[in-house]
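K.L.:
First, the structure itself, so that you have it in front of you.
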């Protein structure tokens, strides 16, 4: 059986420290044989660097990382991504020559695929259709279990995507909004689903960022620089899943802690 701990968007150093502090406890409680995290905000709140990648994979023991719209924010990613074999960036970037949209792992005798797609609703980035992209991937994946991170803004798009993959993916897990939803469930054909896992970021913040900067945008219409909050209590959000040898989800549980 596959036991998966999927950690929501890790925000900056505060998020990384919180994950490092709580993972031993969660490993003792759930005994996961696969730990995945969304890492697109893990380096200073925006993007991913090779040093942070190594910290998450080597020091924290996270076996797979996923991305999103901020994955390219650190420009060194373009030269370093080939040294990040455990990173799945969104596979529906058109004609993307950098990295891969999925990774394949062998765990407990199962061939496990971890894939990442981005939604298009309310997203300015020009992207290929995530539904067609995942179809193309599944046709050649040859995996016993498939876990998909859909990094998207719109609840309706994530829901539609989850139902679209019901019975074809083991789990469809939403990220991007940094706000956890309470709709975790197993769909009728055996796919574990949640609209958004949430974040690992500062509790007294606006989605992990400075509150005043966010307020200024709404009050004045002028963009202000977002600074990641690196101190104080941290909200840790994740989901725990169990997936049987047939690739069906048999359990999904939200994990929500304040650290």
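Quick reminder: no glycine exception, Cβ is built from N, Cα and C everywhere.
Because TrEMBL annotations are produced automatically, they should be read as predictions rather than curated entries.
Relevant sequence annotations retrieved from TrEMBL are reproduced here:
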type	residues	note
ACT_SITE	70	active site, proton donor
BINDING	9, 40, 41, 178	Fe cation 1 binding site
BINDING	40, 69, 151, 176	Fe cation 2 binding site
K.L.:
To which of the recorded positions 70, 176 does the lowest count of other Cβ atoms within 10 Å belong?
P.N.:
70
K.L.:
Could you work out which of the binding-site residues (151, 178) has its C-beta surrounded by the smallest number of other C-beta atoms within 10 A?
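P.N.:
Fewest other Cβ atoms within 10 Å, among the binding-site residues 151, 178, is found for 178.
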K.L.:
Among the binding-site residues listed here, 41, 69, which has the most company in the form of other Cβ atoms within 10 Å of its Cβ?
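P.N.:
Buried the deepest by this measure is 41.
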K.L.:
Please list, in sequence order, every residue of the chain apart from 40, 69, 151, 176 whose Cβ lies within 8 Å of the Cβ centroid of the Fe cation 2 site.
P.N.:
9, 38, 67, 68, 70, 71, 90, 118, 152, 175
K.L.:
Nearest to the residue listed as 'active site, proton donor' by Cα distance: which of the binding-site residues 9, 41, 151 is it?
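P.N.:
Going through 9, 41, 151 one by one, the Cα closest to that of the residue listed as 'active site, proton donor' is 41.
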K.L.:
Find the shortest Cα-Cα separation between residue 176 (Fe cation 2 binding site) and the binding-site residues 9, 40, 41, and name the residue that gives it.
P.N.:
9
K.L.:
I want the residues beyond 9, 40, 41, 178 whose C-beta is within 8 angstroms of the mean position of the Fe cation 1 site's C-beta atoms, in chain order.
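P.N.:
Near the Fe cation 1 site, beyond 9, 40, 41, 178, sit 8, 10, 11, 38, 42, 68, 70, 175, 176, 199, 201, 208.
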K.L.:
Roughly how many Å lie between the Cα atoms of residue 41 (Fe cation 1 binding site) and residue 151 (Fe cation 2 binding site), rounded to a whole value?
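P.N.:
On Cα coordinates alone, these residues lie 12 Å apart.
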